[in-house]
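Student: Below is a structure I'd like to ask you about.
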Amino acid sequence: MSDTPKPPSNTLSLKRETATEAPKLEERLHKVLAQAGLGSRRALEQRISNGLIKVNGDIAQLGMSVKSGDKIELDGRSFVASALTEPARVLIYNKPEGEVTTREDPEGRPTVFETLPVLKGARWIAIGRLDINTTGLLLLTTDGELANAMMHPSSEIEREYVVRVRSPEGEEHVQDELLEQLTRGVMLEDGTAKFDTIERIGNTDSHDWFRVVVKEGRNREVRRLWESQGCQVSRLKRTRYGSVLLPRELLRGQSTELPKTQVEALRTQLKLEKDMPLALTLQPVIGQRRSAKATLHVNRNDNNKHAYHNNHSTADESRELRRFDTLRDDRGRGQGKHHFKDRLTVSGEAAAKQAHKPFKQYKPKNDRSLSEGSPATFQSWYVPEGVSTGPRNHRNAGAGNGAHPNKKSPNPNTRNTQGQQTRKSPYKYTNNAPNFPSDHATPTFNPYGNPGQKTGAGQPNNSGGKYNRNRGPRYP
């Protein structure tokens, strides 16, 4: 036999090759936090130095690195470092007035993040900010590195605005000398600022319209520049950020996503890597309570056979679980429509204490029974003597009609107390109609009489006419 190995057969096998573990990513903590959009790197480094961030339960140190799977705590929230594999996304949002560019506003004002598309496993990061009265273009992205690069002053990204200005007091329009001063530079509270470009695009009787360009993103920079010269800004709208323009067809409060080709062009313009490598980001932790491994300890030397489950007595545990017991009367299986209200829904101990107590009696709902002495009750149940209330020989037959077939009925020729004769069928014959209390007001009226027939009172019947209709009594 030769020692040459046999070629592999095409048979199936349950054996699996040992999978090679993917290398864990490791990055600086402040970079991971910035990638998640929690702030600038400089501000995050300051927070790390102040001991406001924890990694795996320990206070983080400046310059430390984190790996995928590490738990990071910041501002009372917990995150887990994980790899970011999805490509960057950029959103164009036409911001209306009245919205603030923040996630949570202490004053309860509406924010721009309330109307944005929902993301899974990522979050929108605002590229710059617009104050509550400024409208127009607002860029948001899922790439924290791209957002920081576009906001950094060293990138010198142009921001273009359209502004409506009221001229200083005593002047009809904004003078050219004032515009030249704004392009040279004006001293503000946080340093010198200027407009890179100022273009007059129109005017009215009381306002002037301008198109201005700045390369910095200071807080309310455009408004403060005009206010430093005695002008008042009444309208301010951003129309361009770098190479991204606000689409004309995009309405206020609506958003649209930037194509991937333009996103890659932005990264190239900012000298970022074309193909974004794997990076670490933060994913929020969903609060879940995981129970520890169960351990049962039994003391065999104890005569009472006490057991302890995870350092807790099983007797105590059963006492705690007893509160979840639901005692009820076992009923037959119905269609599931009726719910019994007399079952016990208290704990076992409370039910044992209440065992001697009777069930609670509930008052009937919507009780429409009439009170005693009500006239309606009297009229409904009062039947004059000698008036039958049902067919002959019926079990519910009333007085004067014979309640039982073996009993003899009264003489049909005799008159009753109301002046009517008793017939075999009380409602079939005309002179045997029942009288009710309401008829006592007109005792001579018989609604079932025939024309010309005398009533018991000796008065002519009021029925008759063309259609033999019932009529009320007529008096001369």
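Cβ atoms here come from the backbone N, Cα and C positions, even for glycine.
Under the heading domain 'S4 RNA-binding', Swiss-Prot lists 27-96, citing sequence analysis as support. For Asp131, the entry in Swiss-Prot reads active site, nucleophile. The region 'Disordered' annotation in Swiss-Prot covers 299-476. The feature compositional bias 'Basic and acidic residues' is assigned by Swiss-Prot to 314-333. What Swiss-Prot records for 354-363 is compositional bias 'Basic residues'. The annotation compositional bias 'Polar residues' is assigned in Swiss-Prot to 371-380, 408-465.
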Student: Test of understanding: give the count of other CB atoms lying within 10 angstroms of the CB of Asp131 (active site, nucleophile).
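Tutor: The Cβ of Asp131 (active site, nucleophile) has 14 Cβ neighbours within 10 Å.
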Student: Please compute the mean pLDDT of the model over the domain 'S4 RNA-binding' (27-96).
Tutor: 85
Student: Over the span of the domain 'S4 RNA-binding' (27-96), count residues by DSSP class, listing helix, strand and coil in order.
Tutor: 16 helix, 28 strand, 26 coil
Student: Secondary structure at Asp131 (active site, nucleophile) (DSSP, helix/strand/coil)?
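Tutor: Once the DSSP labels are grouped into three classes, Asp131 (active site, nucleophile) ends up as coil.
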